[in-house]
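> Below are the features I grabbed from TrEMBL:
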type: DOMAIN; residues: 300-467; note: domain 'Helicase ATP-binding'
type: BINDING; residues: Cys530, Cys533, Cys570, Cys573; note: Zn(2+) 1 binding site
type: BINDING; residues: Cys539, Cys542, Cys557, Cys560; note: Zn(2+) 2 binding site
type: DOMAIN; residues: 547-719; note: domain 'Helicase C-terminal'
Amino acid sequence: MMRKTLFADLILPVPIANRFTYRIPREMESLIIPGVRVVVPFGKRRMLTGIVDSIHEKAPVHYEARYIYDVLDESAVVTPHQITFIDWMASYYMATPGEVLNAAIPAGLKISTESYVQLNPQADLDELDESDTILDLLHQLEQRESLRYEDIKEITGEKDAFKTLQYLSKKGLVILYEEVRERYSPKTEKYIHLATHLAGNDKALNETFETLARAPKQEDALLACLQLIKRDADLSDQLQRIPKKALLDSNASAAAIQALIKKGILEESEVIVSRFSDYSRELKQVTLSPEQQKAVDQIIRGFDSTDVVLLHGVTGSGKTEIYMDIMQHVLDNDMQILYLLPEIALTTQIVQRLRAVFGDKLGVYHSRYSDNERVEVWQGVLSGRYQIVVGVRSSIFLPFDHLGLVIIDEEHEHSYKQYDPAPRYHARDAAIMLASQHKARVILGSATPSMESNYLADSGKYSRVRLENRFGDVSMPEINVIDTLRKTAQKKMSGPFSDELLEGIQKTMDSGQQVILFQNRRGYAPYMACHQCGHIPHCSQCAVSLTYHQYGEKLICHYCGMRESVPIACDSCGAKEMKPVGLGTEKLEEEVALLFPEAGVRRMDLDTTRTKNSYERILNDFAEHQFDILVGTQMVTKGLDFGGVGLVGIIDLDLLLHYPDFRSHERAFQMAIQVSGRAGRRDTVGNVFIQTRDLKHPVVQQIMHGNYDAFYSNELEERKEHAYPPFTRMIRITIKHKDRNITREAAQTLERRLSAALPVRILGPQEPLVNRVRNEYINELWIKLERKGTSPALIKKSLLNHADNIKQEKLFRSIRIIFNVDPY
């Protein structure tokens with residue numbers, strides 16, 4: 001009976017919605033199972049890593065299935081739960097499974113490929129009628145085993161040498177092949193152990209020592225090896241390996257060790273080891289205050305009625321200890337925990353606190369880890385080594401198998417939203433769905449909950465637990481709002497500082513406390529301007545002014561990254577009057593240092609935290625009081641805990657308050673309250689100074705009194721009146737093209753067709769404030785979906801179909817249409 005051919009459906013990391021079917025070679029049939037990585041040819045010249053979704057006997061109808069090239073794993077690296085989650089995310093966020101897979105899989109689990117060319121052994125190079133370039137290439141191949149594709153381009157002088165290689169391949173002169181390599185490289189260490197015939201054989205050991213009587217260094221090395229084995233294991237286990245480094249550190253010479261290996265007395269092996277060191281300190285117990293214990297009991301009761309609990313606790317109320325207590329209950333039931341944080345900056349302090357309680361059960365996952373480190377965390381979750389993972393938004397893609405609890409700390413933070421590239425997901429909302437698929441519970445924590453989460457708690461879909469007081473009865477900070485318009489009129493401003501703020505900073509430092517100053521704009525100044533004609537240098541690729549960075553004397557576009565040197569003279573009038581205008585964190589740091597020369601000042605923003613451990617160094621130095629004043633962007637507003645901070649200053653609240661976005665009031669309130677919470681965390685009342693030109697603004701008044709309920713009530717009323725979330729869902733459609741007229745016409749065409757076909761509200765089309773980025777013009781449509789209207793899934797499907805139809809038209813073939821679901 002003829003054996004049936006097996007096929008595998010794969011998810012490939014490409015922006016195409018379908019699964020791809022490949023033929024399984026006979027020799028791989030026993031190796032290929034759902035969840036393993038396979039290498040497959042894709043298109044004419046590419047090799048890709050795909051994930052096996054299913055195996056079947058049905059050949060594809062519309063194309064000839066190609067063979068799988070290689071299988072990379074002995075067991076699954078992606079779980080069925082993850083495949084389900086990938087498909088849900090692709091559907092909800094209007095992406096493709098391949099785009100989600102590309103975001104989910106760490107780079108170290110993908111392959112790297114390189115094209116090689118070698119001379120065909122059957123080729124006859126005599127009397128060839130070819131160009132000198134091709135003859136030179138063939139003669140070089142004759143002398144070498146193979147050449148990389150990059151070498152071929154250099155020899156031929158061609159930017160794309162593939163046509164030349166195809167021509168030579170068809171003539172039978174060369175062979176083209178791909179070399180596939182895994183990117184992940186395990187860390188290995190050399191270990192030493194006694195040869196098998198000596199282990200546990202005292203007589204043989206004594207005889208060996210006698211033979212080494214005239215080689216004292218070798219004798220010393222063997223003795224040191226035995227002592228290390230005895231220290232690390234019972235003598236009955238003399239095959240115990242010891243790190244070669246430990247033996248070298250014991251003053252045994254490298255030459256003596258190699259001599260013993262050569263004589264067969266010692267044996268050397270290479271062992272794969274973890275890149276993460278073990279936690280060796282004694283673990284601590286979590287101790288709760290009566291209010292915290294009450295909150296834990298309420299959360300556990302809340303889980304009886306809903307799977308999601310909103311923990312609304314004021315800053316400094318001790319939410320982390322509450323999380324840890326509940327985490328212990330989950331671990332006792334042998335379940336896994338995902339602890340999400342919005343920023344890498346927060347992981348340092350939280351991980352230190354969690355590791356002191358949970359030790360090696362804890363893994364950390366974020367983009368500052370190397371590709372190899374992230375693969376090892378992935379493997380640790382898959383194997384069960386890590387029962388707790390602390391990480392940023394990408395952690396939702398890890399291969400959890402028995403997830404029991406998801407904690408989303410600072411759940412209001414917009415950093416949980418992924419903007420580019422697709423999938424443009426919100427990690428908080430996606431994590432709630434992930435928990436639902438695992439039948440796990442969710443805790444949302446915040447001192448300033450998002451409008452959506454508070455609304456869902458009001459409606460009964462979430463349970464709510466409140467913490468009204470700071471841990472240890474620490475007082476809330478005293479908030480002082482300063483009218484900078486009045487101060488300017490009274491000539492009581494020194495640069496960006498009012499006299500009250502300067503006096504507060506000086507008093508704080510005199511008392512031995514520290515200061516945090518918040519300005520939500522990085523760089524030295526937002527732009528430079530000619531004081532003669534008013535000309536402002538703009539990015540050549542984007543419709544935005546260039547930001548001046550004093551470090552490196554550069555003008556930088558914060559949209560595309562373009563850099564140029566600061567002009568000596570104005571490009572427009574030639575005057576040498578180019579001056580920085582406005583205030584960024586770099587200039588703020590400089591001004592603070594000038595006004596307080598005795599103080600140590602450091603800055604924390606994107607520019608100072610690009611390297612792997614830069615966050616940690618700044619935060620640890622500040623915690624150890626190695627400097628007095630921390631200046632920063634929104635990074636300093638997060639849930640950081642410093643015992644010595646006596647004053648927090650918000651330099652310009654209006655930057656947040658008047659941003660043209662329906663969420664600007666919410667974000668201004670949240671950031672102001674959050675950064676205020678960094679003051680007076682332990683045994684002193686902190687001071688907060690907020691500078692604004694709009695003292696009577698309702699949100700300013702609500703911030704003054706720390707009144708979340710009043711803010712929420714007023715904001716909810718406005719959102720309802722204008723049909724904004726949480727009363728509607730929103731989808732932003734962005735149309736991009738290098739021709740402004742084509743962009744506009746495509747947006748107008750799409751709007752007309754959608755309005756005729758769908759029962760939705762459509763705003764636009766309109767150009768955003770920055771209407772050109774990377775030489776592409778932008779138009780936007782905003783779709784509002786009613787909560788109780790037509791199925792969002794049907795509307796999304798229709799939107800995708802209309803977009804595909806428009807892109808089939810000749811005029812619009814090269815436009816890009818981008819969908820952003822919940823774009824806030």
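Cβ coordinates come from backbone N, Cα and C, glycine included.
A description of the local structural setting of each listed feature is requested, covering burial, neighbours and distances.
Over the domain 'Helicase ATP-binding' (300-467), the average per-residue pLDDT in this prediction is 94.
Cys530 (Zn(2+) 1 binding site) carries a strand DSSP state (E or B). Sequence-distant contacts (6 or more apart, same chain, Cβ under 8 Å) of Cys530 (Zn(2+) 1 binding site) comprise Ile536, Cys570, Ser572, Cys573, Ala575, Glu577, Met578, Lys579.
Long-range Cβ neighbours of Cys557 (Zn(2+) 2 binding site) (same chain, at least 6 residues apart, Cβ-Cβ under 8 Å): Cys539, Gln541, Cys542, Val544, Leu546, Thr547, Arg563. In the three-state DSSP scheme, Cys557 (Zn(2+) 2 binding site) is classed as coil.
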> What is the separation, in Å, between the Cα atoms of Cys533 (Zn(2+) 1 binding site) and Cys560 (Zn(2+) 2 binding site)?
27
> Least buried of the binding-site residues Cys533, Cys539, Cys542, Cys570, going by other Cβ atoms within 10 Å?
Cys533
> Determine, for the Zn(2+) 2 site, the additional residues of the same chain whose CB lies within 8 Å of the mean position of the CB atoms of Cys539, Cys542, Cys557, Cys560; present them in sequence order.
Ser540, Gln541, Val544, Leu546, His558, Tyr559, Gly561, Met562, Val773, Arg774
> Which chain neighbours of the Zn(2+) 1 site, leaving out Cys530, Cys533, Cys570, Cys573, have a Cβ atom within 8 Å of the mean position of the site's Cβ atoms?
His531, Gln532, Gly534, His535, Asp571, Ser572, Gly574, Ala575, Glu577, Met578
